[in-house]
Amino acid sequence: MALSRAERCLALLLRLLSRACLALLGLAAPSPPRSVPPPRRSLLLLPACQLAKKLRQREVTCVEVVEAYIERIKEVNPLINAVVKDRFEEALQEARQVDKLLAEGPGDDYLEEKFPFLGVPITVKEAFSLHGMPNTSGLVNRRDVIATCDATVVSRLKQAGAIPLGVTNCSELCMWYESSNRVYGRTNNPYDLQRIVGGSSGGEGGVLAAACSVIGVGSDIGGSIRMPAFFNGVFGHKPTTGVVPNDGQFPIAQGVRTSFLCTGPMCRYAEDLEPMLRVMAGPGVHKLKLNEKVSLEKIRFFCMDHDGGSVFVSPVDKEILQAQKKVVEYLERDLGVQVQRVSVHKMKYSFQIWSAMMSSKDSDGQDAQLFTDLLGDHGKPVWPLWELMKWLVGMSSHTLPAIALGLTEKLVKLNRGANAKLVSMGKSLQAEMESLLGPDGVLLYPSHPTVAPRHHSPLCMPFNFAYTAIFNVLGLPVTQCPLGLSSEGLPLGIQLVAASYNDHLTLAVARYLEEAFGGWVLPGKA
């Protein structure tokens, strides 16, 4: 499908306009990288499963654990601004209750089965309801909204024994890949405070990377789990669509988008992904085949270095390509497999496909909800052009990306014929990918074209999220896996993709690659 002249002009125009906006933002010359200090407490360096085991075996008290994490948050949160509202007093009270339960002496097997995360600290993306915590999604006119109940996944993790420390920052209405808004401000990357943490689950990515939490809850409709996980060097998993419940978050997907939004786990250590997913999925977990044993030597591995050269997206950085090449070479050498290079032509149109499918009607003919309606949140209508004029003089309560998205969605609706063709292409691509991967295939694919960009610079290339977004509309399970640091000290990584309901394959490969390449690396270690 050739790009139309209008699309090429639009791509060029957006780049020119975004560069003009950067000039207005007054983007300063880059300063030397500055990271958060490394954690001093060894308790902060244990996977959640190991931490829970130590607690069950009475090797450490829950109060000690929670106090260590609270101390760490107080140390580095002024630098990264990831935790936007804490519940430290409540967490310490819950920790004392855990210690009381442990003192009563129930058996380890009973505790592990009933409370697999007993006493483990957790953080939650602010877009999810956590009782007593704000639930604004970065929207100013929701500043006073306080959750009166827990989202289903939050409730399940609490029932499994996890102790929430607080809620973390996100982008405005969870629809941009820099976590910055008019309610809480901007979150900074722990590896370089001048860099972004990604979005929309950026606060979660940052808080995990900085060792302020060990497991967290994120959501993903265009890469909102995987981009922050990539930029912050941690693990994130977008499950197969429709298994983990999405209710209890704002904004909630409606219409066709209910098939694209996914809730999933984020964590520092690969071994915690599967236990978290089991708890979060609840009764539907059997669909994900997590009990099936995976033989890595029998997996058919595929590799794509890039999307084929979309004009809307940056070329993939050399160091990201080199990291992916090292993975391929390691798989072939260590497992004796042959990694097949593939070129899926339709991936070149990832952004256009995602955009068209996000704005398409559902099977009942219902239109997708307008982003401008969400910006108003049942209040006064929001007019993007008027908000842009207000923003230029510093009077808008919305961020520039949110305003730009409001303007863009109106343009998308002008060409319904092209959108219909792109939706058809998306369905064809879905069938092609399911056929390619089958019951035993895993695709290696870049997580993003660049390492974590500097603050504001995503405005220059606003569609780079297409590398993750395409898998939302395809409904495939994807695990983001860290692969060490770049020459600039920034996290590298890779996406592991499987066919629907084969989450067990990508999770198994993530555990394998963590052992081979080291997984999460402490920020500030150098």
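Even glycines carry a Cβ here, placed using N, Cα and C.
What TrEMBL says about this one:
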| type | residues | note |
| --- | --- | --- |
| ACT_SITE | LYS125 | active site, charge relay system |
| ACT_SITE | SER200 | active site, charge relay system |
| ACT_SITE | SER224 | active site, acyl-ester intermediate |
| DOMAIN | 64-507 | domain 'Amidase' |
| SIGNAL | 1-23 | signal peptide |
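For the active-site residues shown (SER200, SER224), fewest C-beta neighbours within 10 angstroms: SER200. A separation of roughly 11 Å, to the nearest angstrom, links the Cα atoms of SER224 (active site, acyl-ester intermediate) and LYS125 (active site, charge relay system). Residues near LYS125 (active site, charge relay system) in space but far in sequence (CB under 8 A, at least 6 apart, same chain), listed by position: VAL167, THR168, CYS170, SER200, SER201, GLY203, GLU204, GLY216, VAL217, GLY218, SER219, GLN249. This prediction places the mean pLDDT of the domain 'Amidase' (64-507) at 94.
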